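Undergrad: Quick one: the structure is below, and I'll ask about it shortly.
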Amino acid sequence: MSTAVINTDDDQLEPTLQSILDQKSLRWIFVGGKGGVGKTTTSCSLAIQLAKVRRSVLLISTDPAHNLSDAFSQKFGKEARLINGFENLSAMEIDPNGSIQELMGQAEEGEGPAAGMGGMMQDLAFAIPGIDEAMSFAEVLKQVKSLSYETIIFDTAPTGHTLRFLQFPTVLEKALAKVSQLSTQFGPMLNGLLGANGSLPNGQNLNEMMEKLEGLRETISEVNGQFKDENLTTFVCVCIPEFLSLYETERMIQELGSYHIDTHCIVVNQLLFPKKGSDCDQCNARRKMQKKYLEQIEELYDEFNVVKMPLLVEEVRGKERLEKFSEMLITPYVPPAGGL
C-alpha cells in the first residue's frame, strides 16, 4: 500500500485525501462505490484539487448514466474537453458498454479501426461474453495513452461493473483463441475464397482482425500492469454510513485486494451533524445510526485515510460549489459549534 499521511499528535491516519495529492507518481485514480453515494461529486472535487498540483488532469466518466456534464453544467462527450474555468483540467464521458456497435458500423462501411470485419466482428461479439466492453475499453485506453495527461481520474459505474476492466485481458485472450480456432477450422475453405490481396470477396480479412485484437490486447495488458502498481494507481472508495453501502465497500475492498490494486482512502459522504438539544427526532435518530456505522468503518479500516464529509443543504453542482466541496477533501470538516 502507498504511504498515507500520519497525524503525529494521535498517531491516526489523516482524515483527508492529501496523501493522494502528495503522491506525485500516481497516474491512474479510480473513484467508485455503490450507486447514489456521491462518487461523481467526489471524483470532480478530487480532480479540482489535483489540477492545483499537477500539470494536466483528465477526468473520465465510465458510468453509462453520465453525471459529469450535470456536475459542471457543461456538455461533455467522447472527446476530451477543457472544463470551463480551468486551464489544465479536462473531462470526457465514454460508455464502455456498447461501442462494439459503432465498431461494427465502421466495419460495414469500410472505415475506422474495424474496416472490413463486419460480420466476423458480430460473430465474435456474440461468441465471447464481454468482448464488446473489452475492445471499447481498450480503444479508450489507447486514446488516453496517446494524450499527455499527467493524471487520469475515472468516475466509475456503480459497484459490480467497476472492476470488469480487470477481466478484460482474459476476455481478449479468449477472443484471440476463438479467432485462431476459426482460422484453423475454416482455413482450407478460406484459402479457396481468398483473393489476390489476401481478403475475402466481401473485404473481410482474418489476419487483419487478429492483428488488431493483438494490438488491443497488448495495450490493455500494459495498462493492466500499471493498475497493479501502487506507485501508479490507487482506488478511492466512496460510501455513506449505512449498512448496504458499508457492505458494498467491504466487498469492493476485498476484490481490489485480490487483484492487487492499492486502496487506502475512503470518503464517507452525507454525514449529519445536528446541534445539541435539536428537537428534530429524525435527524437525531439518523445521526445515531450513522455514528454506529462510522465507528464500524473506523474500526475496520484503521489503516485507511477516512474522510468525513457532511450532508449539505444545497446540491453540489457547478464550479463554485464543487470547489468549496473539494476543500473539505483536504481540510477536515469541522461541524458548527454545538454540533454532535
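Glycine too: its Cβ is placed from the backbone N, Cα and C atoms.
Per Swiss-Prot, active site is recorded for D63. Swiss-Prot lists K34, G35, G36, V37, G38, K39, T40, T41, E242, N269 with the feature ATP binding site, giving sequence analysis as the kind of evidence. Sequence annotations record features per position, and here Swiss-Prot assigns Zn(2+) binding site to C280, C283 based on sequence analysis.
Would you situate these features in the structure and describe their surroundings?
TA: Taking the Cβ of D63 (active site) as centre and 10 Å as the limit, one finds 24 other Cβ atoms among all the protein chains shown.
Look at K34 (ATP binding site): DSSP puts it in coil.
Around the Cβ of C280 (Zn(2+) binding site), the same chain contributes P274, each under 8 angstroms and 6 or more positions distant in sequence.
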Undergrad: So of G36, G38, which of the binding-site residues has the fewest other Cβ atoms within 10 Å around its own Cβ?
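TA: The binding-site residues G36, G38 were compared, and G36 has the fewest Cβ atoms within 10 Å.
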Undergrad: Give me the count of other Cβ atoms within 10 A of the Cβ belonging to K34 (ATP binding site).
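TA: The answer is 22 other Cβ atoms.
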Undergrad: List the residues of the same chain that sit at least 6 positions away from C283 (Zn(2+) binding site) in sequence and have their Cβ under 8 Å from its Cβ, in sequence order, or write 'none'.
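TA: The list for C283 (Zn(2+) binding site) reads L272, P274, given in order along the sequence.
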